[in-house]
Amino acid sequence: MSTIDKEAVKLYLMQLQDQICQRLEQEDGKATFIEDAWHREPGDRLGGGGRTRVMRNGNVFEQGGVNFSHVQGNAMPASATAHRPELAGRRFEAMGVSLVMHPHNPYVPTSHANVRFFIAEKEGEAPIWWFGGGFDLTPFYPFEEDCQFWHNTAKEVCAPFGADVYAQHKAWCDDYFYLPHRGETRGIGGLFFDDLNQWEFDKCFDYIKAVGEGYCDAYLPIVERRKVTEYGEREREFQLYRRGRYVEFNLVYDRGTLFGLQSGGRTESILMSMPPLARWEYSYEPQADSPEASLYQHYLKPREW
């Protein structure tokens, strides 16, 4: 059985943050990430620290953030113990990299990725640990070839870890990034997994490395293809309207957002995923046979790619 190595995970996650920021800056060609390093002393709630990095007003990206955090607490919040009651009364550590990129151009999809590690410990008992993460894509004006490329890259990431891993984590992603009150998925999905500890520690760790590094391989070629596509006010207005769904999901359903807010996490870092602008419109209906209608008809429901 492989040894649990928290320090190795932390070091890797910090390197992954550096690597992803570098590649996104290269793709943007103008903006750089501004780092806000933070630290909290342990107290009644979360202690720890992190590096919040935000990019604004680039050539390609209107706003985006790539966060690293490593926090500790004496008791898990309700959002975590609700489905894992055995965690009650254990001190815990949580560390991860989380990112969201909101592009200017409506033809470039919004993207999200996350890899994380949790460990909950109690004197005299075996630790409870798991990994989680994934990446998902939210296009406004989807192209079939882009969606297939995204999912084919996800399949390649999963292939070394088992024949059924992609299918399982793709289905989990479709289920997780779903807005019941809207009856639609947030986007076209990708990969999502949580509570990953059924393999040995080293294999689980290798999998989150593959997912973390696979994100840029899946996303940047799509950005490169679409970032110079011409668009007008109509496309921009629709992009802002659809960003509203992103806000709704993150504030109502997202487990990471709820965990962070309920456990007293750093609010500015938690809400970094919010788009800089979004809009809502009462009783919006896309025009029949329009590109906007195509999004609803063909892409906001689970599909096999």
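Keep in mind that glycine also has a Cβ here, set from the backbone N, Cα and C atoms.
Among the features that Swiss-Prot reports, active site, proton donor is placed at His112. Residues near His112 (active site, proton donor) in space but far in sequence (CB under 8 A, at least 6 apart, same chain), listed by position: Leu99, Val100, Met101, Phe135, Asp136, Thr138, Ser273.
Here Swiss-Prot flags Ser98, Asn114, Val115, Arg116, Gly264, Gly265, Arg266 as substrate binding site, drawing on sequence analysis. Taking the Cβ of Arg116 (substrate binding site) as reference, residues of its chain lying under 8 Å away and at least six apart in sequence are, in sequence order, Ala94, Met95, Gly96, Val97, Ser98, Phe131, Gly132, Gly133, Ile208, Gly256.
Per Swiss-Prot, divalent metal cation binding site is recorded for His102, His112, His151, His181, and the stated evidence type is sequence analysis. Less than 8 angstroms from the CB of His102 (divalent metal cation binding site) sit Phe61, Glu62, Gln63, Gly64, Thr110, Arg243, Pro275, Pro276, each of them six or more residues away in the same chain.
Residues or ranges marked as region 'Important for dimerization' by Swiss-Prot on the basis of sequence analysis: 246-281. Panel annotation: around the region 'Important for dimerization' (246-281), residues 36, 38, 40, 44-46, 50, 52, 54, 56, 62-63, 65, 67, 69, 71, 73, 76-80, 94, 98, 100, 102, 110, 112, 114, 116, 138, 177, 179, 181-182, 186, 194, 237, 240 of the same chain, lying at least six beyond its termini, place a Cβ under 8 Å from a Cβ of the stretch.
Feature annotation from Swiss-Prot assigns site 'Important for dimerization' to His181; the stated evidence is sequence analysis. Taken residue by residue with DSSP, His181 (divalent metal cation binding site) is part of neither helix nor strand, so it is coil.
Within its own chain, His151 (divalent metal cation binding site) has Lys170, Ile188, Gly189, Gly190, Trp305 as residues 6 or more apart in sequence whose C-beta sits under 8 angstroms from its own. The two recorded residues, Val115 (substrate binding site) and His181 (divalent metal cation binding site), show a Cα separation of 27 Å. For the binding site of substrate, formed by Ser98, Asn114, Val115, Arg116, Gly264, Gly265, Arg266 according to the record, the largest Cα to Cα distance is 20 Å, rounded to a whole number.
Across the region 'Important for dimerization' (246-281), DSSP helix (H, G, I), strand (E, B) and coil residues number 22 helix, 0 strand, 14 coil.
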